[in-house]
Amino acid sequence: MTADDRDLLRQRLRARRRALPAAARLAAADALAQRLLDLPFAPQHGHVAGYWAMDGEIALHRWQLRLPASVQYCLPVLSGKTLRFAPWRPGQPLTANRYGIPEPEVAAAATLAPEQMALVVAPLVGFDAGGRRLGMGGGWYDRSFAFRQRQMPPPWLVGAAFAVQQVAALPVAAWDVALDAVCTDSLTLLTATDFPA
């Protein structure tokens, strides 16, 4: 698949998710929340990272509100060419980053490294049955979690999408960091093989 092919596929899949009606989006967010909570490696304590849904991405607010009290929800913060993470609760201040995506308004010293997360839920543009992912093309998650190519979880890496974003097959590049699972409104694909007891 050429870079142009990937760009065309991204455009098509982004249009597909944006076309979903509001009622379907809300129902999908509820279903996704339950699937994330039911993961065999869903943490009961520590830090988890989600994202601020933009451009028709499936929302995580239902999951965030149902997390155990001992789990702290974080949002990504751009830091150089990688991501760091900052704890965030509804109502706390946000500021738009250079892409216009809201992120917590905190000092850099208050952010957490990717290695400090127990679980990270990343937005997907597309995915296939093998758990391969298509992101927006910036490489943020691949750069930030490149260490996962050399070590086992945590953090557990989970992709989130609507079921309509599934495609037949996606190519894998050497820099692609594998997901441990993909969760949608209607399915959970577990690609990791070794889960905690």
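Using the three backbone atoms N, Cα and C, a Cβ is placed for every residue, glycine included.
All annotation found in TrEMBL is predicted automatically rather than curated by experts.
As given in TrEMBL:
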- E57: substrate binding site (BINDING)
- R133, L134, G135, M136, G137, G138, G139, W140, Y141: ATP binding site (BINDING)
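Projection of TrEMBL feature records onto the structure.
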residue : record                 : Cβ contacts under 8 Å, 6 or more apart
E57     : substrate binding site : R17, Y51, P123, A160, A161
R133    : ATP binding site       : A122, L124, G126, F127, G159, L170, D176, L179, V182
G135    : ATP binding site       : A122, P123, L124, V125, Y141, D142
G139    : ATP binding site       : W175
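In the three-state DSSP scheme, G139 (ATP binding site) falls into the coil class. When secondary structure is read from DSSP and collapsed to three states, E57 (substrate binding site) falls in the coil class. Summarising the environment of Y141 (ATP binding site), the number of other Cβ atoms within 10 Å of its Cβ, over all protein chains shown, is 26.
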